[in-house]
Structures are given as C-alpha cells and as structure tokens.
Amino acid sequence: MKIEAVIFDWAGTTVDYGCFAPLEVFMEIFHKRGVGITAEEARKPMGLLKIDHVRALTEMPRIANEWNRIFGQLPTETDIQEMYEEFEEILFAILPRYASPIHGVKEVIASLRERGIKIGSTTGYTREMMDIVAKEAALQGYKPDFLVTPDDVPAGRPYPWMCYKNAMELGVYPMNHMIKIGDTVSDMKEGRNAGMWTVGVILGSSELGLSEEEVENMDSAELREKIEVVRNRFVENGAHFTIETMQELESVMERIEKQELIIS
C-alpha cells in the first residue's frame, strides 16, 4: 500500500489557525437580528458549505426557539438567504487577513512532494471566497496542486464529491491510496464517505477553537483534556487517525504503508 496523494482542508487545517475568519461573522449576522448565538454553536456546523452552515444554525433547537420568540415564526428561507448575503459581504472584506499558512504546514507539504505525493484540497468556502484565500496563501508559500470547492461539484461535505474530483484531476486511484485530513466533523465524514484514510488534526482546528496564544498560555492539564475531547469527537465521526500537529502526518503515512493496513 502506497499513499499517493493527500487531500487537505483549508481553514483550521492548513491556514487560519483556529478557524476564526468565519466564526465572528456567523455570530454577528444573528446578533444583528437580536438572536445571540455562542461560539460553540457557531462552530458546530463548521466545514459545511457556508449557506448550509447558516441553515444548520437556524435549525438548532435553541436558536430556532429564540428566533421564534423574537419574530413569532421560525426562520424562513428568505431569512437564511439574507443572512448569507450579509455573511459573504463581511467575510470577503476580512478573508485576506486569515489566509496565513499554519506553522509547519509548508515544510510538511515540501517533504510530501519530495516523496512524489500529490497535494489536493477541499473546503467549505465558495469558489469566490477561495479565490481570495488561495491567492493570499500562495503569496505566503502555500499552494496545493489542486483545489475543489462546493461550487465545483453537485454538493459539498459530507458528500464525497470534492474528494472524487481531486482524485480524478490528480490521477490517483483507488481511493484508499489517498489521505483526507481536516479539522472538523464534516471533514471526517467527507473522507470516510470517499473511502479514504481519514485524519483529524487537533491543534489549530475549529473543533478545538483556540488561538495560538490561548494554546500557549493554557494550563497543560486543561489543554490536554480539551485535546482528548476533540480526539474522541474525530474518532466517533470516522477518523482512522488523529494527530495534534501536521508534523505527525508522515508518521501516520508510514504506519499505513509499513503495516499494510486496510480501511475498515
């Protein structure tokens, strides 16, 4: 068994440590309507196509009940579309500030390429959003071989179509010769649905939801507890492996290749 390609997520995995770019915007568009949502609630659907993310938030029982209390009805599709349009407008303005590669990512990518491994990517951002992020990330030294957005396929995560399109464009098959790595539950489901080795990265992830400064300053026992919660969440949602930092990825690959593991 030889791994021939790795498909990376973007925000929270390779760029934007902690996946903070969309978080504040999701909270803001609800707050403007008098409906407060928590950071934990805002993060829960992370990884989905962003309009699906807005829709998922409106379907959470607490948020739906609060909306109904204020407006006398549940959120409509018109409400969802209006909030999404506001989300896009605000996000486009701030995205360039959230495209810096996470520490260690560029070095890992360089090492993978030295081994002849192809680098693909999927995202919950639209093509228009990714035009901004990918351009800025490239200026800072990170550019995968291929990028697929939900706009390029019939549906985004948790459907496997973005991974399949990467496989076709990169010329790699079968799917168990590829790894999908990401930082959200929807990433884990996407990878498993595509029949790929699926890896969850914890530090810098949306699921952990901490900035680099918070990680550095947190009590080690408290941080360890939070890391293990995220690790378990990834495993419960299909991860074959979890890693704390991207630097551990190659050791996972070696385990797969040397032990001739089989996807279950």
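Quick reminder: no glycine exception, Cβ is built from N, Cα and C everywhere.
The annotation active site, nucleophile is assigned in Swiss-Prot to ASP9. Summarising the annotation, Swiss-Prot assigns active site, schiff-base intermediate with substrate to LYS50. Summarising the annotation, Swiss-Prot assigns Mg(2+) binding site to ASP9, ALA11, ASP183 and lists sequence analysis as the type of evidence.
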ASP9, ALA11, ASP183 excluded, remaining Cβ within 8 Å of their centroid (Mg(2+)): TRP10, GLY12, THR13, THR14, ASP16, CYS19, MET46, GLY47, THR123, GLY182, THR184, ASP187, SER205, SER206
Residue, out of the recorded positions ASP9, ASP183, whose Cβ gathers the largest set of other Cβ atoms within 10 Å: ASP183
Where LYS50 (active site, schiff-base intermediate with substrate) falls in three-state DSSP terms: helix
Recorded positions listed as ALA11, LYS50, least Cβ neighbours within 10 Å: LYS50
Nearest-integer angstrom distance between the alpha carbons (Cα) of ASP183 (Mg(2+) binding site) and ASP9 (active site, nucleophile): 7
Nearest-integer angstrom distance between the alpha carbons (Cα) of ALA11 (Mg(2+) binding site) and the residue listed as 'active site, schiff-base intermediate with substrate': 13
Whole-number Å value for how far the residue listed as 'active site, nucleophile' lies from LYS50 (active site, schiff-base intermediate with substrate) (Cα to Cα): 14
For ALA11 (Mg(2+) binding site): DSSP state (helix, strand, coil): strand
